[in-house]
Amino acid sequence: MFKGLFKKTKYISLNPERKTELRSDQNDNKSNKPHIPDGLWEKCDSCKSIIYAEDLKKNYHICHECGHHFRIGAQERINQIIDEDTWVELDQNIISENPLEFEGYSEKVDKLQKKTELKEAILTGLGKINGQQAVIGAMDSRFLMGSMGSVVGEKVTRAIETGIDENLPVIMFTASGGARMQEGIYSLMQMAKTSAAISKLKDKGLPYIVVLTDPTTGGVTASFAMLGDIILAEPNALIGFAGKRVIEQTIKQKLPKEFQRAEFLLKHGFVDKVINRKEMRNKLSHILKLHKTKQPSRMLDGNDCSYYSSKDASKKASAKSVEEIRQQGKKLTPYDKVKLVRSKERPTSLDYIDNIFEGFIEFHGDRYFADDTSIVGGLAFLNGLPVTVIGQQKGRDLQENIYRNFGMPNPEGYRKAVRLMQQAEKFNRPIINFVDTSGAGCGKGAEERGQGEAIAQNLYTMSSLKVPIISLVIGEGGSGGALALTVADEVWMLENSVYSIVSPEGFASILWKDSSKAKEAADVMKITAQDLQELQIIDKILEEPYQDASKDGQAMSEIIKNNLLKTLDNLSKKETNDLLTKRYEKFRSIGRFIEKSNLDSSINQ
């Protein structure tokens, strides 16, 4: 086992002349290596690939191998986003003081000004994105890590005030290590100053769009970076308030790799969308178009309760009367309809959104806790008209249903919906809701996060939103989970959809202690579109092609679209006070009771 352990090692000795000769050969080899100019190649921090610098620039400074987004300077970012020759820089001549007389600060600023050719850590100005004018700010992390001192705070505030004065949207690209320590309390106060300016911008009804880039941290995160109407982010960007190492030291735990990254914030409800840098220009352009305040004058006339079959678009089915549709709908039993709308073949909210609207862009998150995938929502065009679209989304197989929580929204879903609806009011966009849920999500977590409060806030908020709202039950309309999206000026149901206080199974279980009597429960609950129109709970029934929307989803979409166009055209002509009064009276009038007169009451006593 120990054989040879203490055996003497044999060495080869070289005379001094030979050593000198070998060193000379090594030096010659080094001098013969090809010289590579500085800046010719770049190394990816993520996958360690070596990339030709010119190729990297052509690819928007995105690694060809792994998609890693390199950090870029403010001027480079502006050049990537705006139309050529449209940039007009604002406030070029504001430069930093040294308010605390901090040793070496002024010299450091001077040095960085020469090195970066920037005067401060942000550029602001006016520019066009695909022809659309905006105020744009871009931070540069090369300049004192993009930290916010008096100059950065002032330039951000002036940019926002320019947006207010010129009636323009404001777009801010953030890249910052946070507050500028060398300016002390002056730096801290910039957080309040910039946030107050954004409040004034929002009062004016102008869009504020933020793009979070790597890194966005500290005081910038805790002020103007997280106050956007729409918050976008580049992939894998570091975004957070406290540093990861500080948190780990405090809680004595190792945090996951994805912690404080863009995708982490998307999952937790604080980012609307993560967008590849190559797509950023067109996405921003699209969002700006969706926020134009002037509505298009051209609106197509809707053809009420008629449809074009996608199988034979040249043949238009004759419009049927309300009574014909009502009688046709009675051919199936209530529980037959329950089973029909639960079919995995039934068109979902996203199916209708894709068929009816143009340019739908989905936004995520409740800005409090998470994004709920059982509710989808965002902006789109309806025949050129910007609208807010929200839908409860089920899955078609087990995996998708698990991802969508079986179409049963949690509090985050309802809070996301109300956030999008409040934005619709701010920017004067009609709201269209697609309802399809067996009910709100129930569970320990949902209750801990306030499911009841979330639904209540939706009902409260929707009752007074100053824009038209149309809600359409396309499948199941289950209890408060459905009602949370149906406080609307018009409530419609597809011919075979159902809308109820609880599922038939739940009704039978509660009242008869036997969930197997669901069919009998459905018969007495008055849950069909035909029942609810007779009870004056809903406003309209939309005929399903071939008496089943799943047989021709495209035709069903055309019916919905025609009705939406016609109704929105009518609703948009109403004065706001009239719209709100009629919405209030609509729900105020619902209820059945007997009220005895004072005389009857005294006799009974």
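The chain as shown is numbered from 1 upward.
Here the Cβ of each residue, glycine as well, is placed from N, Cα and C on the backbone.
Among the ranges 44-66, 159-181, 527-549, the stretch that Swiss-Prot annotates as zinc finger is 44-66. Sequence-distant neighbours of Cys63 (Zn(2+) binding site) (same chain, six or more apart, CB under 8 Å from its CB) are Cys44, Ser46, Cys47, Ser49, Ile51, Leu56, His69, Phe70, listed in sequence order.
In sequence order, Cys44, Ser46, Cys47, Ser49 are the residues of the chain that are 6 or more apart from Cys66 (Zn(2+) binding site) and have a CB within less than 8 Å of its CB.
The binding-site residues in question are Cys44, Cys47, and the one with the fewest Cβ neighbours inside 10 Å is Cys47.
According to DSSP, Cys66 (Zn(2+) binding site) sits in a coil region rather than a helix or strand.
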